[in-house]
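> Per Swiss-Prot, the features are:
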| type | residues | note |
| --- | --- | --- |
| BINDING | 357, 417, 420 | [4Fe-4S] cluster binding site |
């Protein structure tokens, strides 16, 4: 972290604004800073033990007004008016409801108009704002960094600490700049950008860092695209990801339920405009990517860094000289049941999943609908389209997108995390292969024995139509209707 009166990065500015008590000592022996938390997001999976800890200690929630809960990970995306069938999932959801009632926390339960994936409803409600600190017991809290917030996932013991004190002891992070300059080619999305970034720096490349995404290509993205970028910072090993707020940010936030109003809005925007990295500020690490060189990107392996352009082929481990890396590639190919040299476009899929906190927003659904309009999903492919929130679903319905999905043969579901992870009924069967707009392709992530290829919404939709990994450019035939 920069010292006082020196140029500072965006992350350093937000950090220093939230230090309650500075840690003593120097270097590795330095004690953590105590950081104030502006927004605490809660869901059913990582919170039960935290509330139990409060109960045992006789403590209240310090700031219930800065805490908001929703049900997302374990909820079904069909028959939401019926009891949850799985007993573990049902218990977690019921426990969250009891805890929120007991401790006075606002909850958006399954079926509520504001219910949805926690990282989608925060920005949707205007709760996520520039210059704030945001935490949640979930890895992909980094999503909120798209607004210039310092947002990070925390463990269950830390969830309890924030509930009890509204603070968190943290050691300062290193800083990394990922500069993406130039103009993105047609058909290249934010998802392709972040998959290319992770392939370049590796899944451990950002370890211990807060990544700030910069450059003209980043500035050209919508807020939804920026959220996709920041969402997957954790897949690069980073603690958080951030993008400096600008007019795009302000336009997205203006008028949302929890955004400042009137004179308060004007004052907030003036303050938010200062949330930029100072000229001359030093990053610990810098990465440069030419936007014009990017193309649709897909993963072939079992971690998000094992990816290539869609135009490439499955890598050959015999061409890798590092023994450890070669062994990892061989293991991934065996699990994925892929042969080296196979063109990525020739890989067939059994399922396509559109959704998650990475790509479950209205902009993503519009892209998918544009590809599916007048076309049909391949006969041997099952396609699930799952909105990230009930608000997103309602907007999609109002725009006629739901009709496009169902006419094409896709399943149009209710809001939830769905097939992103195997914690609810939406799962792959062993051996099934899925093109997924989610963020993780670990072994068994979408169900035991399932095989996952991470893709953008456009690639997901084209893949559903052709039955093999594809981009919309591969759909040469005109729509049939």
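Just so you know, glycine gets a Cβ as well, placed from its N, Cα and C.
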> Can you name the residues of this chain that are 6 or more positions from residue 417 ([4Fe-4S] cluster binding site) yet have a C-beta less than 8 Å from its C-beta?
72, 73, 75, 117, 355, 356, 357, 423, 424
> To see if you understand the setup: which same-chain residues, six or more apart in sequence, place their Cβ under 8 Å from that of residue 420 ([4Fe-4S] cluster binding site)?
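Listed in sequence order, they are 353, 355, 356, 357, 358, 436, 438, 439, 440, 445, 446.
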> Within 8 Å of the Cβ centre of 357, 417, 420, which other residues of the chain have their Cβ, at the recorded [4Fe-4S] cluster site?
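Not counting the recorded site residues, we get 72, 73, 117, 140, 355, 356, 358, 360, 388, 416, 418, 421, 438, 439.
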